[in-house]
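Scroll down for the structure; my scribbles are underneath it.
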Amino acid sequence: MEKIKCLVVDDEELARNLLETYIDRIDFLECAGSAESPVEAMEIMREINIDLLFLDIQMPEIKGTDFAKMIAPTTQIIFTTAYSEYAVEGFELNALDYLLKPITFERFLKSVSKIKTETKTSDQDGTITVKSGYDLHKLKYDDILYIESDSEYVIYYSKEGKLMSNQSLKSLENMLPKEKFMRVHRSYIINKTKVSALKGRDLIIGKVSIPVSAKYFDLVRQELF
């Protein structure tokens, strides 16, 4: 089976090292990286599609619970902290679990075993869950027209309108089914079934023209026309 990509976020080096060691001992987990702050974690998550986040709550710049509200709902979270009073707040954010420091390997194993049964790829029901602000929306693949990158966000354009979410186009490129979606530009992913024409270097989706960069042009011609 494909390994579950994990990211450890904690401002304490010893805590990061311990969790990395635990992750390496589990055959279905892969440590994709570690970060000492949410800002550093966000940079990593723009390049790698993270499945599971081990997130410390009490950090200097941004609290883990605040950072959790900013990330994609497809990333599951296990909160870690030395303070038990944060447990309720963590579970209110739909965290997978809550680990109280010092973390034993036995407790760690019990926690990560949950993800094997609870993780569900969006392919299974033909939808993707999109976090927009504090709300969660389920979009059907067939309803998505295209996705545009806008600074630190992406905008989903669908038959129902548009949704803005704090995600990276790179993570979506890895997540979305390639038989339906493809990257055509540094700022665009399109639904291949919604394209009606190629005019010059622009794809036509409804009344919208989507630019195709030189990097992707030959692949677009090959796959769509």
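Counting begins at 1 with the first residue displayed.
Using the three backbone atoms N, Cα and C, a Cβ is placed for every residue, glycine included.
Automated prediction, rather than curation, is the source of TrEMBL annotations.
The domain 'Response regulatory' feature in TrEMBL is assigned to 5-116. Annotation source TrEMBL lists 4-aspartylphosphate at D56. The domain 'HTH LytTR-type' annotation in TrEMBL covers 128-225.
Every protein chain considered, the tally of other Cβ atoms within 10 Å of the Cβ of the residue listed as '4-aspartylphosphate' stands at 25. Secondary structure by DSSP for the domain 'Response regulatory' (5-116): 48 helix, 27 strand, 37 coil.
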